[in-house]
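I have placed the structure first, in the form of structure tokens, so that the comments after it can refer back to it.
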Amino acid sequence: MDAQLFTHNVDNLGFNPKYPQPPAYIKVRHKFTKEKEFDHLFLAQELRSRTAKGEGANPSHQSGSAASQNPVWAAEFSKDGKFLAAGGQDKVLRVWVVLSTAEERRAHEIIEAERKASGGESTHLSAPVFQQKPYREYVGHESTILDLSWSKNNFLLSSSMDKTVRLWHLSRNENLCTFKHSDFVPSIQFHPQDDRFFLAGSLDTKLRLWSIPDKSVAYWTQLPDMITSVAFTPDGKTCIAGTLGGLCMFYDTEGLKFQSQIHVKSTRGQNAKGSKITGIQTKTSKNKADVKILVTSNDSRVRVYNMKDKSLETKLRAHANTCSQIRATFADDTTHIICGSEDRKAYIWSTSTPEGEKRTHIPVEMFEAHSSITTCAIMAPRKTRQLLSASEDPIFDLCNPPPVTLMSREHSVTGGSKPPTEAGGVATKVAKRSPAYISRTLHPDGNIIVTTDYTGSIKVFRQDCAYTKRMRLDNWDTASVFSKRTTGSKIRPSSIISRSGRSRRDSTATQPPDERIMSWRQDLALDGFEEARGEGSGVVTPVRGGSPRKRRSRVSGVGGGAEVGLGSPGLGPEGVGREGMRL
């Protein structure tokens, strides 16, 4: 009976660990929208993209100002959201791993504490997304890396100005295969359904479909201009190639037979003849009805076309892209488009224009990401946020506290995973994650943005989705929990609840989430007993009256056990409320 009475899921309402405040929020500007979607954005982490002097192979031989110009031209998340790859002018392909377990986060914190020991401890919240040290550093390219592509099985392709495409896999430290071309290869992409094939576009004007098992070209065709960008449609049945002059050409994947073309150009002005296409991405729309084609070009425009009839649906402007290989990308749910810029900013457009708004007035938000050209800007997929939420992340845990189960001492002997506490004889175990909890791990307002720049800097920005909750609960250590939730009145400064609650919160700030929840729960129960505990051998039973702070006590005799009621409005015949507990 006791075990059944005690065993239940903890209500996580009010779980508020005392984490430090995040660093100062970055100023985000907005146009054509009344409210910002990307508010409370802060710099969470900066990744090292250049090999330190004396560390590893392939050092740069540049000197002076040229040495500081080491742009990262490509950055991409893996399909499962667990890895981030980046490459650029230093010729090294690096892969970082997303923190996905509590053990990985603790190991990261130990390393960071040792690294910062000489400079002093930071008072701001540390909310990293990646392990600081790269998981892999692939060396092999002899010139600048231009593009990257992940397969669904975590194979990784890199193309370069050394006229090669190289194949890698995270289980291996070395290059698996090299595919040679006759000129630079600005763009590559794995087949979305069959990763035995990939598409490569070269400045030699040839579009090639490579067969990896055969290590040979399965099909190829020649275009009228240099190829600067390539892509597949989501079903893999159509190939798309963009050219230096602004042509966007469509081919059947089987045999590379020509279908149609679009000339990406302005209707007037100097860009009416067409501009270089720097990026092409295709994505199935949110309602799964259409396929959208996202085309970035050097006229500082991003255009969205409909695959079905090749019609122009949206033209986005605000950023600067006149001479760089900057490309825009969709968020994985297609609700936003993000792009770097030559004016050092990152731009984010909303794809859901309100009814009645002009099609040219697309809501856009922007923030200054770097001190030089922002070469890449991408948003982490939902799978990355889900992985991060399992690592005791200080922001996501506050938004969506981890589920825990309370158990009695008797039940914990047979089924508990942790020893019972001395105070209440209660043990905890991690509860099975419910579908509701899993759905909340998506954290739609906890966006993660990765940007790179012309100097080799890689920054990770995060949106503080816990801001509202943190502000709402920030005064718990100076006000009674009961008075705040029931009457809203402040308790006297000498209150036992206020005094003991403050000390316990400080002592549990560094505990794992499930232990913090348990400690908080026990504090509520113990605070109620402390005020009315006597010196005799009897047991005191506090009863809540009209005021949360006024309690009446009833002493029961020794020998029959104690009945404890927490002041339910209707007491039963034995004087025990429905929420009472028999110890």
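Cβ coordinates come from backbone N, Cα and C, glycine included.
The region 'Disordered' annotation in TrEMBL covers 49-69 (among others).
Annotation source TrEMBL lists compositional bias 'Polar residues' at 59-69.
Same-chain neighbours of the repeat 'WD' (65-96): 47, 49-51, 56, 58, 130-131, 134-152, 154, 156, 158, 160, 168, 170, 325, 373, 375-376, 378, 380-387, 450, 452-458, counting only residues six or more beyond its ends whose CB sits under 8 Å from a CB of the stretch. Feature annotation from TrEMBL assigns repeat 'WD' to 65-96 (among others).
The repeat 'WD' annotation in TrEMBL covers 138-178 (among others). Cβ atoms under 8 Å from those of the repeat 'WD' (138-178) belong to residues 56-58, 73-80, 83, 85-89, 91-95, 184-190, 192, 195, 198, 200, 202, 210, 212, 215, 325 of the same chain, restricted to positions at least 6 beyond its ends.
Among the features that TrEMBL reports, repeat 'WD' is placed at 178-212 (among others). The average per-residue pLDDT of the prediction over the repeat 'WD' (178-212) is 98, rounded to a whole number.
Under the heading region 'Disordered', TrEMBL lists 487-517 (among others).
The compositional bias 'Low complexity' annotation in TrEMBL covers 489-500.
Sequence annotations record features per position, and here TrEMBL assigns compositional bias 'Basic and acidic residues' to 503-517.
Residues or ranges marked as region 'Disordered' by TrEMBL: 533-583 (among others).
Annotated compositional bias 'Gly residues' per TrEMBL: 557-575, in sequence order.
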